[in-house]
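Written out below as structure tokens is the structure these notes cover.
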Amino acid sequence: MRHFLDFEKPIAELEGKVEELRKMSEADGINIAEEVVRLTEKADRQLRSTYARLSAWQKTQVARHPDRPKAKDYLAGLITEYTPLAGDRAFADDAAVVGGLGRFRGRSVVVLGTEKGSDTESRVAHNFGMARPEGYRKARRLIELAGRFGLPVLTFVDTSGAFPGIDAEARGQAEAIARSIEACLEAPVPLIATIIGEGGSGGAIALAAGDAVLMLEHAVYSVISPEGCAAILWKDAAQAPAAAEALKLTAEDLRRLKLIDAVIAEPLGGAHRDPAAAVGAVGDAVQAALQPLLALDAVTLKARRRDKYLEMGREALS
Amino acid sequence: MSWLTEFVRPKIRTLLGRREVPDNLWIQCPACQQMMFHTELDKNLKVCTHCGHHMRVTAQQRLGWTFDEGRFTRIELPKVPNDPLRFRDTKRYPDRLKEAREKTQLDDALVVAHGTIGGHRAVVAVMAFEFIGGSMGAAVGEGIVAAAKLAVLQDAPLIVFTASGGARMMEGAISLMQMPRTVIATRLVKDAGLPFITVLTDPTTGGVTASFTMLGDIQIAEPAAEIGFAGARVIEQTVREKLPEGFQRSEYLLGHGILDMVVKRTELAATLARLIGLLRVKEREAA
Ligand SMILES: [Zn+2]
């Protein structure tokens with residue numbers, strides 16, 4: 001069963017009708033091909049027009065869609081010889097941050113991702129993609145490992161944010177995030193970050209301070225969730241749609257602000273309608289971003305990365 | 001000092017002791033409710049003379065208490081776009097900025113100055129909680145970067161007093177990007193072989209904690225300051241547990257290995273002077 005978002009209800013109805021007609025024609029042998037074609041086209045048009053002008057709040061929902069491909073889908077689709085590595089060497093292995101060694105289009109790389117999980121059991125196992133300090137410390141360890149062996153780092157970010165827990169604070173959540181950001185910035189190898197779903201605040205930037213930051217068309221990247229922002233500034237969480245709009249958290253807005261480098265087009269109706277196509281598109285975009293960086297030596301790469309971030313934020317929307 | 005005229009315009013030469021309150025003022029301690037005459041409280045650096053509670057203070061006061069004889073030179077910080085997202089909640093962001101600027105007489109939530117501490121040159125950046133909760137947007141980030149560059153030019157340590165509710169939401173992802181930007185600032189100082197010291201004051205939370213604050217060579221906090229990443233209320237709602245006694249306070253963080261020391265405000269300047277002296281065995285002669 002496909003999961004439909006609220007604003008997709010008209011599309012769901014049309015697609016439901018098509019499905020019904022198909023079943024009827026199979027059962028009764030009635031030829032209704034024309035009607036099926038007509039309705040299919042209508043549903044397609046509806047889907048196209050809906051997805052062409054999603055609001056920031058609708059994009060937030062698409063970015064959080066339960067069927068949206070997760071970090072592990074990108075690892076499975078893009079990385080061969082994937083060899084997961086575990087642990088922060090201090091306290092635990094955090095399943096919210098997955099990563100290890102593997103090959104991307106033949107090249108040995110280090111991959112990292114925040115993993116939300118795709119069913120109840122795996123969501124709980126991955127703590128819904130909310131990492132604890134161990135997760136960020138594992139990320140830092142793997143980025144440093146990549147540096148030692150000259151391997152590019154590819155990160156796939158999808159998290160509502162760092163885990164807000166007593167244990168996480170006690171073990172230095174803030175320090176772990178700060179060090180992970182520092183590891184990204186200090187890496188002597190190319191680091192390509194892709195925001196594939198939700199880029200939630202500090203928990204996202206911890207793995208995304210890269211040479212190139214790519215974002216899927218319907219992904220969102222924000223300093224605070226729309227709900228959190230609405231609760232604080234509007235004193236009403238129900239104002240989340242307005243907050244989403246105001247925060248300028250869409251890929252297109254962030255590209256205009258020059259905070260990200262490229263927007264990756266999604267299959268019609270969002271990545272969840274055709275995960276394989278979405279994974280392929282991300283692979284091509286990562287390859288395109290990585291290629292020119294491979295020629296740069298560590299000193300140039302680091303200096304370039306520093307300049308990139310130091311230049312950031314001077315842009316304003318008009 | 002030609003680097004200074006090239007790099008920054010000195011702003012205001014300020015001396016400690018500027019009257020900010022009327023003469024006949026009694027102030028109540030928010031912790032123990034006792035009354036103190038304002039001159040007595042000021043002399044004790046806004047620390048309650050009865051219970052030792054450290055009250056929140058303005059950035060300007062901090063500077064005066066930190067530098068030798070209260071002498072320092074403030075620098076003008078680089079300008080950034082005023083309202084990059086054209087953000088509007090129940091209020092327009094430019095109106096919030098205007099209000100904060102009028103109230104505090106500051107441009108944004110950070111002031112940067114240089115002078116000497118215990119005879120050592122030092123650059124000090126102080127976050128102003130009184131300016132939109134000390135939140136970090138482009139101006140604060142740019143200010144931290146400028147402070148770092150100034151420290152490198154002056155061959156001086158950088159000391160940052162933090163006080164912040166976190167990110168400046170009205171600048172969206174631009175405020176988020178101040179995390180990597182300020183992390184780079186710490187690297188500029190460290191790569192030059194200079195000490196980077198953070199002094200965490202009440203409160204220090206969110207993205208400010210999870211970036212430059214936690215990268216100090218030395219990390220000091222004032223007593224009982226609230227320090228953390230996630231907000232206490234959010235944590236309580238998430239884990240549905242009662243928070244432990246003293247959670248996210250300076251002493252709790254010290255106990256968990258996150259800080260080097262908790263130092264009373266009245267001993268801060270002397271502690272900083274001693275630390276700089278101990279760390280800087282190769283200090284260049286002043287130009
Ligand atoms: Zn008191």
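Note that Cβ sites are derived from N, Cα and C of the backbone, with glycine treated the same way.
What TrEMBL records for this protein:
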DOMAIN    B:25-287  domain 'CoA carboxyltransferase N-terminal'
ZN_FING   B:29-51  zinc finger
BINDING   B:C29, B:C32, B:C48, B:C51  Zn(2+) binding site
Neighbour count, 10 Å Cβ-Cβ cut-off, for B:C51 (Zn(2+) binding site): what number do you get?
11
Counting every protein chain present, what is the number of Cβ atoms, excluding its own, within 10 Å of the Cβ of B:C32 (Zn(2+) binding site)?
11
Which chain neighbours of the Zn(2+) site, leaving out B:C29, B:C32, B:C48, B:C51, have a Cβ atom within 8 Å of the mean position of the site's Cβ atoms?
B:P30, B:A31, B:Q33, B:Q34, B:T49, B:H50, B:G52, B:H53
State the count of C-beta atoms found within 10 angstroms of the C-beta of B:C29 (Zn(2+) binding site), not counting that atom itself.
18
So for B:C48 (Zn(2+) binding site), how many other CB atoms are inside 10 Å of its CB?
20
